[in-house]
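Structure first, then comments.
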Amino acid sequence: MGRVRTKTVKKAARVIIEKYYTRLGNDFHTNKRVCEEIAIIPSKKLRNKIAGYVTHLMKRIQRGPVRGISIKLQEEERERRDNYVPEVSALDQEIIEVDPDTKEMLKLLDFGSLSNLQVTQPTVGMNFKTPRGAV
């Protein structure tokens with residue numbers, strides 16, 4: 001099993017990544033040198049722990065957003081995703097197939113006047129009332 005990282009190591013690594021993201025990478029040794037240059041870390045052992053956690057977080061950041069770390073690049077990416085407008089609206093299709101429940105919801109939202117709605121019966125999925133041993 002691995003070791004538990006202290007609050008000091010985690011906070012220091014997060015701050016270093018937020019401020020110096022462009023200088024860091026997936027290599028422990030380069031991250032160790034960057035940590036040594038930018039921060040006053042009292043001991044070699046603590047510096048290595050922080051650099052190791054920085055490397056771990058950098059690998060996680062490459063896979064996707066990491067909770068507790070906001071990086072300008074990720075913020076811009078999220079803004080772009082939130083402001084996305086499709087070229088063709090889903091309502092501009094010739095026929096929109098909906099089930100009766102969806103039709104009712106659209107009526108409640110004042111979209112009942114859409115002329116291209118076609119109500120279809122939903123396909124029956126899994127039957128959950130069968131006993132466990134039966135096939």
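Cβ from N, Cα, C; glycine included.
Taken straight from Swiss-Prot:
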| type | residues | note |
| --- | --- | --- |
| MOD_RES | Lys19 | N6-succinyllysine |
| CROSSLNK | Lys103 | SUMO1 cross-link |
| CROSSLNK | Lys103 | SUMO2 cross-link |
| MOD_RES | Ser113 | phosphoserine |
| MOD_RES | Thr130 | phosphothreonine |
By Cβ count within 10 Å, point out the most packed of the recorded positions listed: Lys19, Lys103.
Lys103
So if I draw a 10 Å sphere around the Cβ of the residue listed as 'phosphoserine', how many other Cβ atoms end up inside it?
8
Could you state the whole-number distance in Å separating the C-alpha atoms of Lys19 (N6-succinyllysine) and Ser113 (phosphoserine)?
53
